[in-house]
Structures are given as C-alpha cells and as structure tokens.
Amino acid sequence: MGDVDGFYHIPQTAGARLGSQFSAGISTLEPGQSLSAAMGGSGKAQGKGLQVRVQGLDDTQEFYDLEAKAIGQMLLSAVFQRSNLIESDYFGLEFQNVQMNWVWLEPMKLIVKQVRRPMNTLFRLSVKFFPPDPGQLQEEFTRYLFVLQLKRDLMENRLPCTENTAALLISHLIQSEIGDYDDTADREFLKQNKLLPIQDRLQEKIMDLHRKHLGQNPAESDFQILEIARKLEMYGVRFHPAADREGSKINLSVAHMGLQVFQGNTKINTFNWSKIRKLSFKRKRFLIKLHPEVHGPHQDTLEFTMASRDHCKVFWKKCVEHHSFFRLFDQQQPKAKAVFFSRGSSFRYSGRTQKQLMEYMRDSGIRRTPYQRRNSKMCGSTRSLASDVPKQVSSRQDFDRDDTIWKQVCFCLELFFIKIFSFAGSSLDSAQSPPFDSKSPLTLSPSTQMSALSLPGRTPSPLQSPILSEVGSPRLGEDEEGRRKRFPTDKAYFIAKEILTTERTYLKDLEVITVWFRSAVIKENAMPEGLMNLLFSNIDPIYEFHRGFLKDIEQRLALWEGRSNAHVKGEYQRIGDVMLSNMCALKEFTSYLQKHDEVLTELEKATKRLKKLETVYKEFELQKVCYLPLNTFLLKPIQRLMHYKLILERLCKHYAPHHRDHSDCKEALKVVAEMAAQLQSSLIRLENFQKLTELQRDLIGIENLTAPGRQFIREGCLYKLTKKGLQQRMFFLFSDMLLYTSKGVTATNQFKVHGQLPLHGMLVEESENEWSVPHCFTIYAAQRTIVVAASSKVEMTKWIEDLNMAIDMAKKSREKSEIVLDPGLCDRSNRSSDEVSLESEDDTHSSRSSLDKQTHHRANTTMHVCWHRNTSVSMSDRSLAVENQLSGYLLRKFKNSNGWQKLWVIFTNFCLFFYKTHQDDFPLASLPLLGYTVSTPAEADSIQKEYVFKLQFKSHVYFFRAESEYTFERWMEVIRSAASATGRLNLLVPREPLQVNGN
C-alpha cells in the first residue's frame with residue numbers, strides 16, 4: 001500500500017501462491033476452476049465475439065459472451081441483469097491494468113480499448129460508491145453485496161480497524177453465515193474460512209461476541225455490519241499514493257463528501273466539494289483549486305505529485321464520478337460546459353446520480369425475486385420477497401430456535417423490511433454552493449456555541465466550525481420550491497409528516513445507546529455482563545420495533561404524496577390505520593419500558609462503583625454524537641409515548657367525526673393514552689432522577705444528591721448580596737433544601753456549592769423597599785438570612801412562588817426527612833436568623849483541588865444557559881419542553897444575503913440542534929433558546945417569504961422558514977414554550993399571539 005506505483009493492495013492469485021512465474025495481465029486459474037472451463041471461449045476468441053470472465057462479490061466466476069466491439073456498459077448491463085441487481089449504480093467492474101493497478105471499466109469506451117487481452121483478464125464486481133449511511137440502500141440484496149465487499153476489504157487489509165472492531169465485524173459475519181452460536185460449528189467455520197489476517201489470534205474474542213447475537217437473522221447481521229463499518233475512518237477509502245510540495249508521502253482518496261488526504265492510515269485533511277472550485281491534472285501533478293473564501297487569494301491551489309500522468313488521470317476520473325454521483329441532481333449532459341472540472345477531457349460520469357437512483361427505487365415499486373446466499377452453510381437461508389405485498393420479508397429456519405422467539409423475530413423483520421424509501425426532503429446543490437457564512441454564530445461547533453450564542457453582550461466569534469465547513473451548505477433553489485408546492489396541503493398530511501420527522505430523530509437518539517454507547521463499552525470491556533444484558537435486552541427490542549415502525553410511516557407518506565401509482569394515492573391519504581396497528585403492537589413492549597427505572601438506577605450505581613465504566617461514561621458524553629447527557633436518551637422511549645398521544649390528539653381534533661381516518665386515530669389514541677397513563681408516574685420519577693444525576697456530576701461540594709425522596713424543583717441565576725455587593729450565583733431548589741453556588745475557575749466550568757439551606761423553618765419575603773434593589777427578596781433560613789435579586793419581576797415572582805410551595809410541602813410532610821444535610825455547608829455560627837449573611841468572595845477560589853476534579857462539561861446544559869442568560873428553569877418547564885419536542889427541515893436565511901440554507905433542525909431540552917441532513921449522526925451547531933424572543937419578521941426586516949419566523953437575543957438575529965402553515969405554527973408554538981421565561985408564565989404576563997418578550 002505504501003508503494004507509489006500501486007493504487008492499493010493486490011491480493012495474490014492462486015498461481016502466485018503456488019510459486020508460478022508471474023505474467024503481467026494474464027490471470028491464473030482460481031481454486032475449483034478446470035482448464036477446460038478456462039479455455040471454453042478459445043474458439044470464439046478467433047471469431048467476432050468476446051468471452052470475458054467476471055468474479056462476483058461471493059467469489060463465484062461466470063463467463064459472458066459479448067460482441068467484439070462491445071462497450072463497457074454492455075458487460076455491466078449483462079452482469080447486473082444476470083445478478084438481478086437493481087441498485088446497480090453503486091457497483092462497477094474493476095480489472096488490473098498492465099501496471100497491475102486496479103482500475104474501473106469505463107461504460108462508454110470499447111472494452112478492447114481499455115483491456116489489452118479481455119479474454120485473459122479477470123473482471124471483478126466491486127462496490128464503486130460507498131454511501132455515508134447504509135439506510136440509503138433500499139434493497140436487502142444490495143446490503144448483502146456491500147457486506148461481501150467489506151468482507152473482501154477486511155481480508156485484503158483495506159479496512160484497518162482495532163482488533164475489537166474487527167472481531168465484532170467477523171462475529172456478525174459468522175451469525176449471518178451459519179446462524180446462532182454453536183461452539184463446534186463456530187470453530188469449524190473459522191477453520192475453513194479465512195476472514196482476517198489475524199483471525200487465529202482473535203478467534204476466542206470472535207466467538208464470545210458471536211454468542212451475544214442470539215436470534216439475529218442474516219438481514220439484521222448485514223445491517224449491523226454496515227452500521228459498524230460506516231463509522232470507520234477507512235470505510236470505502238481507496239488510496240492513491242502521492243507526495244505534497246515538500247515531498248512528504250501522502251495518500252489521496254475520494255469519498256461522498258469530497259477529497260481526503262491521509263498520512264499512513266490517519267486522515268489529515270478533507271476538502272469538501274463546496275470548497276473546491278476546480279480539479280485538474282498536468283502531467284504528474286494533480287491540482288485542487290479552492291474557492292477564495294477557503295484559503296484566501298494567496299493559496300487557492302494545492303498541488304500533489306503522483307507517480308505518472310496515468311495515475312493522475314485515473315484519480316481525476318474517480319473524482320469526476322464521485323462528484324457527479326453524490327453531488328448532482330441529474331446526469332451531466334455530454335456537451336454541457338464544464339465548470340467544476342478541467343475542460344481538457346471529455347470524460348463524464350454516465351450513470352444515474354444517487355438522487356436519481358433513490359427516486360427511481362422510491363417511485364418504481366419494483367419487487368425483487370428470491371435470492372439465496374451462495375456461501376451460507378445453513379440450509380433455509382434463502383430470502384424471499386412476497387410479490388403480493390409491498391414488503392420485504394426475510395425468513396430463515398433455525399434448527400433449535402424457540403417458537404416464541406422465532407415469531408417475535410419474524411414480526412420485527414416484517415415491520416423492518418418494508419420496501420420504500422423515505423422522503424428525505426433534502427437535496428444537494430451543485431459544486432458552486434457558497435460556503436457557510438463564517439461570521440454567523442450558528443456556524444460554530446457545539447463546544448464553542450456558548451461563547452457566541454449564549455453570552456449576553458458578547459460579540460460572536462468569527463471562528464468557523466470545521467464540521468460545518470466540511471459538509472457544505474445546500475440551498476433550496478427554484479426547482480425545489482416548485483416541487484414543494486406539488487405536495488399535499490392538507491393539515492392531516494403535515495401532522496403525519498411530523499410523526500415521520502420526529503420518529504427519525506427518535507430512532508437516531510436510540511442509536512446513541514444501541515450502537516454508539518454499546519460500541520464504547522464493548523471496546524473497553526467496561527460494563528459487567530449482567531448490566532449489559534439488563535440495558536441492551538430492554539432497549540434493543542424497542543429499537544428494532546421502531547425501525548419497522550419508521551418504515552411503515554415512510555411508506556405511507558410516500559403513497560400519500562402521490563409518488564406511487566395514481567389509483568392508490570387517494571386510498572392511502574391517511575395515517576390512523578398505521579398508527580393503530582403499531583400502537584397495538586407497541587403495547588407488547590410495556591414490560592420493557594417499565595424496567596427503564598431499574599436500568600437507569602443500576603447504570604448510575606455501576607458508574608459510581610466501577611472506575612473504568614465511569615471513565616468510559618464521561619468520555620462518551622464528550623463525543624459529538626452524545627449531544628445530550630447520556631442518561632437522557634434512556635428516557636426517550638417513555639417520552640415518545642407522550643409525543644404519540646399529543647400528535648394523535650391533534651389528528652382527532654382536526655378530523656371531522658365522519659372522516660374515515662377518525663375512528664382509527666381515536667382507537668390509536670385510546671391505546672397510547674392507556675400506556676401513557678400507566679407509565680406517567682414512572683416517567684416523572686425517571687426525569688427527576690435523571691436531573692439529579694446530571695447535577696451530581698456538575699456540582700462540586702455536595703454528595704448524595706440523588707438521595708431517595710429528594711425532588712428537583714427549579715434552577716436559575718440570582719444575584720446574592722455579599723460584602724462586595726451583588727454577586728452572581730446559581731441557585732438550585734429541591735424539595736428539602738436550597739443550594740447556592742458559584743461558577744468554577746477551571747476548564748470544566750463546574751459550579752461549587754457555597755451554601756445549603758434547609759427548607760424546614762424557612763421564610764421568604766419581598767424586600768425591594770428595604771434594600772433599594774429592584775426585584776429583591778429575602779430568604780430567612782434556620783441559621784442564615786440571605787438577600788437575593790432576580791433579573792426581572794417575573795423571575796422574582798416565580799422563585800418566591802416555588803420557594804413557598806416547597807416550604808409548604810416540607811412543612812406538611814408527616815415523616816421527618818432522612819436526608820442529612822452536610823454540616824460543613826451549613827452556617828454553624830451563633831448569628832441570629834435576622835442577621836443577613838454577607839459571604840466573602842475569597843472562598844470562590846478555595847479548595848482548588850476539588851475544583852480541579854476532572855469531569856465533562858457541556859456548554860448547552862440548562863444550568864450553564866441559565867447562568868449566561870440570567871434566567872431560571874423549573875421542573876415543570878422541563879416537562880413541557882419534553883412534550884414539545886420537534887424536528888424537521890427548515891430554511892435558514894444567510895446573513896446579508898437573499899440566499900436560504902436548508903438544515904435539519906431538532907428542538908429538545910430548550911435548544912435547537914442543527915444538522916445538514918436527518919441522516920447525520922451528530923449536530924453541526926446548537927442554539928440554546930432561553931432568553932430569545934420569537935416573532936414574525938417586521939417590515940424593516942425585508943423578508944418577502946411566507947412561513948418565516950424570527951429569533952432574536954440582543955444583537956443575535958436569525959430567520960427561519962418553514963414549509964407550510966402548519967409546520968410554521970408548530971415551530972412557533974414549541975419555541976415560544978421554551979424561548980423565554982415569560983412564554984411559560986401565562987397568568988402573570990400577557991402575551992402577544994406571535995411575540996414572546998425577553999427578560
């Protein structure tokens with residue numbers, strides 16, 4: 001791989017392994033192939049035809065008869081047709097040229113012009129374009145072929161990964177090939193099949209992992225393999241050796257997002273398509289010309305030296321094809337004026353783009369004929385597709401499988417393999433899309449969001465997120481605008497679409513646990529087996545069910561939008577039947593949901609007890625994919641029931657009683673309301689426990705915060721009167737005590753507890769006149785009196801109400817609390833309760849060792865947002881925010897421009913999270929909403945579009961545009977519920993219909 005004149009590792013042929021003399025360009029016999037078969041086409045060789053040999057991804061070889069002047073596309077079509085491969089544009093045929101480099105067969109050129117001796121050359125079917133998400137592959141057969149490609153890559157050392165990851169991949173491959181774990185069968189299979197160069201060393205680990213895949217069928221194993229592989233840095237990477245201007249050896253590669261530069265196996269740079277203005281080559285030099293905005297006018301061209309002009313041209317052609325396939329809407333016309341690539345060549349990508357292929361799969365309704373895994377060692381592994389229903393069902397016999405488990409697996413599979421592609425709603429623009437506005441705070445990464453988006457009175461940082469600049473900035477053009485208007489306008493359709501968009505987000509949230517966190521703990525072997533079983537045996541079945549449910553919704557929405565046969569369009573303009581059948585099925589999972597209380601508690605205990613697990617837990621929370629506190633994701637399944645209930649209520653309210661969808665929606669609502677009522681108390685308890693554990697990690701100087709019986713009530717910023725005047729403090733009100741803290745001085749930005757006041761005997765009074773401080777009130781505790789001031793009259797009223805409510809609850813409590821307050825934090829002086837405490841600020845910097853405690857820090861938690869925005873949040877506010885979770889595509893207006901940028905937006909935990917598409921694994925940026933106002937644009941804003949709302953916090957202003965009146969109203973509703981304190985206090989402050997006032 002390090003050789004300059006080789007594109008990537010070339011596996012040895014059978015003849016080479018036997019020591020035969022090497023002959024360039026002539027293939028040797030493969031195992032199991034007879035000499036007569038190899039020479040079967042010799043008669044035709046002298047005639048007018050060609051007979052070529054093609055090796056499939058399953059290593060079987062077949063011969064194809066072609067005309068002497070056949071072009072590459074003829075062979076490609078013959079291979080795809082014989083293989084019954086529908087999503088064929090992801091694949092190509094590669095062969096070794098005279099330099100023994102693997103190159104792609106070009107469809108539009110004569111085969112004899114590309115290959116010196118076609119009948120003596122082995123063509124190999126391979127994956128040509130690796131999509132970033134295997135969910136984009138609609139055919140089970142396509143996914144199976146991708147798995148075979150990954151299997152080949154592992155064996156040929158083209159997919160470097162850790163030993164743990166390699167073992168996990170092979171364990172899924174074995175499950176796919178021979179079924180459930182059997183010690184004898186596993187050892188025999190590994191003995192007969194070489195899947196890894198280091199297989200012998202990893203055999204026991206592979207078998208241990210295989211044991212955990214009980215009941216997983218081949219299709220599920222395929223999906224797991226693809227999910228794991230796509231997260232690897234070398235997924236789909238094919239090296240092209242080169243050297244930079246300093247002569248350092250590097251490797252170039254092209255992928256869906258653009259060009260990548262590697263040093264060894266480490267990626268050191270990525271050039272997104274949106275950054276690149278032009279690609280070209282001159283002799284041995286490969287040139288990348290960038291937009292001036294990327295590197296400035298003085299360094300706009302990067303130069304790399306390759307082994308020869310031919311090497312440059314091969315790589316350039318790959319770049320042309322990848323750009324066209326992943327980036328363009330339609331195929332390039334042969335005579336179109338070249339803008340992105342060099343005009344010196346007439347080469348163009350001739351196949352369908354990914355967008356065209358996905359639309360074809362979505363609209364055509366093609367059903368596959370049955371196929372069988374040729375390498376499977378288990379009988380009954382044939383996968384069949386029913387011809388009378390629009391679903392793909394994978395069936396498999398297992399000799400010792402329990403009937404009950406088999407029925408459950410078949411049920412999950414039927415739900416999952418529904419053959420329809422979801423309407424993504426996102427389209428990529430051409431290569432000329434402008435990069436993100438570097439001056440906008442929205443372009444900052446989540447780790448730096450608070451400095452630009454949250455701090456009052458600060459100027460946004462001009463730094464741009466490398467993530468955002470990598471993915472580019474798709475914009476909605478007029479063609480997309482016209483297409484949007486052709487979709488249904490019925491309110492019921494947009495309510496159904498809200499189910500779809502939020503379900504996509506919910507499934508991604510579950511993957512944080514089922515895929516990402518599982519991978520982290522397995523990699524480090526950090527979680528006890530008992531806890532592993534408890535956690536994943538509860539959440540995995542729920543995840544599998546919702547994967548199938550999402551496919552059902554995607555299918556129905558596609559039919560509703562009329563992207564199928566016209567005569568079935570009207571029949572499927574409803575969602576109630578889909579909701580009813582799936583809500584009834586979801587009832588079977590109630591027992592799993594009831595165990596979430598135990599799961600959350602045991603996980604918290606284990607992280608306190610096991611240092612290794614605690615470290616993995618904290619490190620995982622720092623990863624971009626974990627955009628919320630980790631245990632928040634464990635609450636999602638129960639919270640999702642509340643979302644279904646609210647959405648079904650809106651549907652029932654919208655439909656007239658005689659509407660054909662009304663009865664199904666009403667029945668579905670009845671089912672989900674029954675489940676929600678059954679789990680409501682559990683949800684309240686879990687949300688409280690989750691918040692207490694979150695605070696336990698973020699507060700220094702308080703232990704046992706999660707003590708039984710303690711309830712969180714409110715957190716927020718108040719100004720406490722000290723010897724140096726009013727000083728900002730963060731207060732936390734619980735059912736038994738009031739804590740006040742100051743922000744730490746270390747990089748962790750934790751809060752240090754300064755005081756702990758018991759509620760027993762506490763009294764609260766307004767004291768604005770006494771201290772001549774606006775919004776001031778006095779708290780009289782048993783041994784201390786403190787004076788605090790709120791940022792507004794509303795904030796003061798909320799604190800006083802909640803304090804009095806908590807004091808009253810503590811007073812009425814029949815049993816004395818068993819929770820013992822930390823005496824070190826209580827004032828033990830003899831001062832009377834009437835004396836005001838004026839603490840010294842010197843203790844802010846004391847106990848430096850405790851402040852240096854290493855932990856994670858997330859800038860957009862409500863605690864830090866309240867600190868910077870000078871506001872507060874109660875537990876009831878958090879519950880309301882949970883109910884109002886929303887996601888979908890919005891258009892964000894470019895600053896100082898008329899352009900609009902399409903983003904996938906998620907609202908949760910008082911924050912907007914921004915993604916390029918709904919398929920992305922982590923957000924590009926976040927925008928905490930506390931303190932923001934939301935309104936419609938004023939005339940001075942000069943916004944001439946409909947369905948636009950305006951977000952503003954001091955000098956930070958953003959405009960977002962929804963796709964319909966319903967989605968516009970929903971975004972206004974949920975943002976209004978969370979954006980500002982006044983938006984959640986209807987009885988105290990009047991509110992305009994479309995305006996929320998700030999602090």
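Note that Cβ sites are derived from N, Cα and C of the backbone, with glycine treated the same way.
Residues or ranges marked as domain 'FERM' by TrEMBL: 50-330.
Look at TrEMBL and you will find 435-452 tagged as compositional bias 'Polar residues'.
Summarising the annotation, TrEMBL assigns region 'Disordered' to 435-484 (among others).
Residues or ranges marked as domain 'DH' in TrEMBL: 491-682.
Taken from TrEMBL, the feature coiled coil applies to 593-623. Within the chain, the coiled coil (593-623) has long-range Cβ neighbours (under 8 A, six or more residues past its boundaries) at 516-517, 520-521, 524, 526-528, 531, 534-535, 538-539, 542, 629-631, 634-635, 637-638, 641, 675, 679, 682, 685-686, 689-690, 693, 706, 855-856, 858, 922.
Under the heading domain 'PH', TrEMBL lists 711-808 (among others).
The region 'Disordered' annotation in TrEMBL covers 824-856 (among others).
Under the heading compositional bias 'Basic and acidic residues', TrEMBL lists 843-854.
TrEMBL lists 883-980 (among others) with the feature domain 'PH'.
Assigned with DSSP, the residues of the domain 'PH' (883-980) fall into helix, strand and coil as follows: 19 helix, 41 strand, 38 coil. In the predicted model, the domain 'PH' (711-808) has a mean pLDDT of 87. Counting residue by residue with DSSP, the domain 'PH' (711-808) contains 20 helix, 50 strand, 28 coil.
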